[in-house]
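Annotated features, as they stand in TrEMBL:
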- 29-50: transmembrane segment (TRANSMEM)
- 56-78: transmembrane segment (TRANSMEM)
- 99-121: transmembrane segment (TRANSMEM)
- 133-151: transmembrane segment (TRANSMEM)
- 171-191: transmembrane segment (TRANSMEM)
- 197-221: transmembrane segment (TRANSMEM)
- 249-269: transmembrane segment (TRANSMEM)
- 329-351: transmembrane segment (TRANSMEM)
- 406-426: transmembrane segment (TRANSMEM)
- 433-453: transmembrane segment (TRANSMEM)
Amino acid sequence: MAAEQTQKHPTLPEVKEELKKIIDRGFPILAMGLATYLKNMILVMCMGRLGSLELAGGALAIGFTNITGYSVLSGLALGMEPLSSQAFGSRNLTLVSLALQRTIFMLLTASIPIAFLWFNFESLMLKLHQDSQIIHVASVFCRFAVPDLIANSFLHPLRIYLRCKGTTWPLLWCTSLATMLHFPITVYLTFTLCLGIQGIAISTFVSNFVTLFFLLGYIFFTYDQDGSPSKPLAENVKLLPSISVGEQWIMLLQLAIPSCLAVCLEWWWYEFMTVLAGYLDRPEVPLAASAIVIQTTSLMYTLPSALSASVSSRVGNELGAGRPAKARLATGIAIGLAFLTSTFGFILTTIGREAWGRVFTKDREVLELTATVLPIIGLCELANCPQTTCCGVLRGSARPGVGAGINFYSFYLMGTPVAIILAFVWKLGFLGLCYGLLAAQVACVISMLIVTYSTDWEGASLKAKQLVGRTNELPYEDQLVKIEEGNGFLKRFSF
């Protein structure tokens, strides 16, 4: 199907319809993000009840596992998002199935070196002359968290699969049920069985496996509206010839690696800011404030991440279906929502800067520093929400490499020098680090908006046609397509 010409002025009913679709997909994702934040708060609270040593070791372990494991798996999984969303739009369900299978296999493979690193955490940290007691507690958490890598290797792709399909509400119900079970499981393992930090780590992967089982139950025992099974693995799927499999893996990796870099580069910068805070005068104060800032940004990030995921699947679906005008409309509405909601984030962090700090500590110096920097964090949110949404647009249009490049120069070539100069040369301390974050976010959002505004939507639709094949009229028609029938993905890679 030829790509339609992009309309310059969409009608009001079209705008309302698209707004409803984005909110309908985004709200469950937002609620899931809040549930995940609640689970992390439960972990930290239980660590605090065990004692200061367990809290310090657990916090170190959480930071280490986030940097070396969870961020990597999350980023790699996003490589299947442009393939799956565009393939759903073109009704190429065979490609969706293959993308899901291969992404799961890729994450399981990536988990092997990550698990090896987690098992050797203690010896590695002791070579860096860290406190032995804290390191031992952290190493116990890391070792018992290894099964969580397996759970996440399945969870991330399945969530993306359902998100690209447009069925996000079941994700919310499954996550909510698992979250309700998470608290009693954590308390039982940690305090009733007296497993301590081991129990907290075990409860984490148990909760994720519960979520996984709920999702698998939904996927394999429900039916779509047209009566076809919602199973992502079609019975008639044939394996590809070995000569083509390598090329298809390269295509997936070309999307997965830049997606991983885009996620990790931004995620790691916050940890880098914490490291820099440790070199400031009286580091216990800026480090405590940094912990509060990271908790604040994690909470606020649930909204832009939901918008990003929603618009990514919408853009991919429409481009795959050969409707570039609707992809452009979805982009405009999502960015407008991002600017609107980021304003509320700025207002809340400014008005509640003193009350929010008291949720975490009673230390006067930490409270004063937190109250000073939270308005700056609110300004960061004004830029972060639109730029994260634009990242979703880039993923949906199969351009994650552009987002990775922008994140690299914004955070490391712009934000890092500004943070170091202001914090250590101009002696602004932790305030300077936050200004560095603001500089990075401003550079990032400007670049993202320019790239998004200059998108050739007709060209993006043609690229999607080459990537996932021509649009199919019937849900399972793609399984009957032969090698010689078509000029897109299926012609190059036969089944």
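Glycine residues also receive a Cβ, built from the backbone N, Cα and C atoms like all the rest.
Contact between the transmembrane segment (171-191) and the transmembrane segment (433-453) does not hold: fewer than three of their C-beta pairs are under 8 Å, each pair 6 or more apart in sequence. For the transmembrane segment (133-151), same-chain residues at least 6 beyond its ends with a Cβ under 8 Å from one of its own Cβ atoms are 53-54, 56-58, 60-62, 64-65, 69, 73, 108, 111, 114-115, 118-119, 121-122, 125-126, 197-198, 200-202, 204-205, 208-209, 211-212. Against the transmembrane segment (249-269), stretch 406-426 has more CB pairs under 8 A than any other of 197-221, 406-426, 433-453. Residues 269, 273, 276-277, 286, 290, 293, 331, 335, 373, 376-377, 379-380, 383-384, 386-387, 390-391, 393-394, 402-403, 406-407, 409-411, 414-420, 422-423 of the same chain lie 6+ residues outside the transmembrane segment (433-453) yet bring a C-beta within less than 8 angstroms of a C-beta in it. Long-range contacts of the transmembrane segment (406-426) within the same chain, counting only residues at least 6 positions beyond its ends with a Cβ under 8 Å from a Cβ of the stretch, are 261-262, 265-266, 269, 272-273, 276, 279-280, 432-433, 435-437, 439-441, 443-444, 447-448, 451.
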